[in-house]
Amino acid sequence: MDIRKFFRSFIYAFQGIVAATKEQNMRFHLASACIVTIAGLLTGLTTLEWLVIVLVIVLVIGAEMINSAIERVVDLATAEIHPLAKAAKDIAAGAVLVFAIGSVIIGVLIFFPKWF
Ligand SMILES: Nc1ncnc2c1ncn2[C@@H]1O[C@H](COP(=O)(O)OP(=O)(O)OP(=O)(O)O)[C@@H](O)[C@H]1O
């Protein structure tokens, strides 16, 4: 196994994370994740609840990163207005929305019974 190549791929992946954090949507997700984490610390969650919260946060952020990557590939593939380009971008954005809606529902199910 080429350790240097393996280590270099980590650096590229880290560069990808840094590039993604420059996007406005990603900053919104990161801010939301911070707020949920602080709310969780103040509220007091069980280990299982933290597992679900962490899972949901990484799923939403991961989905947003894949969405950003798809946007770039589409832009690279064509500068023209094309229904397939629109569908690819809209479906990828829709996937993030599905994850985000699911995470809000999970957040409500975890936090509301503790607050009210
Ligand atoms: N080449 C294209 N052909 C047809 N429709 C497109 C094309 N590019 C973008 N669109 C439409 O415009 C919308 C916005 O596209 P855009 O590339 O600005 O992405 P965005 O969601 O605003 O992301 P970001 O601002 O992070 O780049 C897309 O969701 C899609 O509906």
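The backbone N, Cα and C atoms fix where each Cβ goes, glycine too.
Unlike curated records, TrEMBL annotations are generated automatically.
Listed features, source TrEMBL:
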{"type": "ACT_SITE", "residues": "GLU64", "note": "active site, proton acceptor"}
{"type": "BINDING", "residues": "TYR12, GLU23, GLU71, GLU80, ILE81, HIS82, LYS89, ASP90", "note": "ATP binding site"}
{"type": "BINDING", "residues": "GLU23, GLU71", "note": "divalent metal cation binding site"}
{"type": "BINDING", "residues": "GLU64", "note": "substrate binding site"}
{"type": "TRANSMEM", "residues": "28-45", "note": "transmembrane segment"}
{"type": "TRANSMEM", "residues": "51-70", "note": "transmembrane segment"}
{"type": "TRANSMEM", "residues": "91-112", "note": "transmembrane segment"}
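Sequence features, as recorded in TrEMBL, placed on the structure.
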residue : record                       : Cβ neighbours (10 Å)
TYR12   : ATP binding site             : 8
GLU23   : ATP binding site             : 15
GLU64   : active site, proton acceptor : 23
GLU71   : ATP binding site             : 16
GLU80   : ATP binding site             : 6
ILE81   : ATP binding site             : 7
HIS82   : ATP binding site             : 12
LYS89   : ATP binding site             : 16
ASP90   : ATP binding site             : 10
Recorded positions whose CB lies under 6 angstroms from ligand 1, from TYR12, GLU23, GLU64, GLU71, LYS89: GLU23, GLU71, LYS89
Largest inter-residue Cα distance among TYR12, GLU23, GLU71, GLU80, ILE81, HIS82, LYS89, ASP90 [record-listed ATP binders, Å]: 31
Spatial neighbours of the transmembrane segment (51-70) far in sequence, C-beta under 8 Å, 6+ residues away: 16-17, 20, 23, 25-26, 29-30, 32-33, 36-37, 40, 45, 88-89, 92-93, 95-96, 99-100, 102-103, 106-107, 110
